[in-house]
């Protein structure tokens with residue numbers, strides 16, 4: 001149990017997808033203007049990561065890994081295309097559910113919801129799962145923790161950006177300029193967790 005708790009804390013704070021690895025920056029910067037929208041996208045990313053990483057773990061271990069189907073048959077060259085296909089299917093299902101049951105959130109996310117398919121945070125989480133050879137339960141914990149960490153970062157950035165709307169920002173830094181500086185300072189804050197050993 002302690003191992004899983006350590007993995008969860010590491011994936012949220014120490015190895016934060018957005019602020020340690022800088023993955024998923026396109027949607028991270030574009031959707032972080034309002035806390036409500038950021039929270040909705042963060043929940044969507046949590047759901048996709050929590051499902052995509054374990055499902056891809058099963059696909060990798062049962063089909064693609066060297067010797068998984070037949071001894072001597074290595075299908076790992078199909079990793080990327082298979083993982084992207086699984087992620088795309090999950091995002092499509094999530095998009096249909098949001099459209100049906102949560103139309104305001106679906107409309108607020110707009111084009112960024114289908115972009116979760118190619119969000120490098122999702123694919124990065126799946127790639128880290130394979131690289132670190134997580135088992136099925138570890139991949140569930142890692143997927144959930146990575147999603148929570150990404151959501152924590154985007155909601156924090158959205159809160160800061162909402163407050164900065166009323167600040168006296170120098171004209172040359174307005175818009176994305178001050179946002180990049182803010183993200184850099186947030187990343188420095190999360191870097192302080194890097195020395196923590198669990």
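Cβ coordinates are placed from backbone N, Cα and C, and glycine is handled just like the others.
Among the features that Swiss-Prot reports, transmembrane segment is placed at 11-31 (among others).
The transmembrane segment feature in Swiss-Prot is assigned to 39-59 (among others).
Residues 44, 47-48, 51-52, 55-56, 59-60, 63-64, 106, 113-114, 116-118, 122-123, 126-127, 130 of the same chain lie 6+ residues outside the transmembrane segment (77-97) yet bring a C-beta within less than 8 angstroms of a C-beta in it. The transmembrane segment annotation in Swiss-Prot covers 77-97 (among others).
According to Swiss-Prot, the feature transmembrane segment maps to 110-130 (among others).
What Swiss-Prot lists as transmembrane segment is 140-160 (among others).
Beyond the ends of the transmembrane segment (176-196), by six or more residues, the same chain brings 13-14, 16, 19-20, 22, 28-29, 32, 153, 156-157, 160-161, 164, 169 to within a C-beta distance below 8 angstroms of the stretch. What Swiss-Prot lists as transmembrane segment is 176-196 (among others).
Residues 24, 27, 31, 82-83, 86-87, 90-91, 94, 98, 102, 105, 108-109, 112-113, 116, 119, 121-122, 125-126, 129-130, 134-136, 139-140, 142-144, 146-148, 150-152, 154-155, 158 of the same chain sit 6 or more residues outside the transmembrane segment (39-59) yet have a Cβ under 8 Å from a Cβ within it. For the transmembrane segment (11-31), the residues of the chain that approach it from at least six positions outside its boundaries are 37-38, 41, 45, 109, 112, 115-116, 119-122, 124-125, 141-142, 144-146, 148-150, 152-154, 157-158, 176, 179, 183, 186-187, 189-191, 193-194, 196, judged by C-beta separation under 8 angstroms.
Only residues 6 or more beyond the boundaries of the transmembrane segment (110-130), in the same chain, are considered here, and those with a CB under 8 A from a CB of the stretch are 17-18, 21, 23-27, 30-31, 41, 44-45, 48-49, 52-53, 56-57, 60, 79, 83-84, 87-88, 91-92, 94-95, 98, 139, 142-143, 146, 150.
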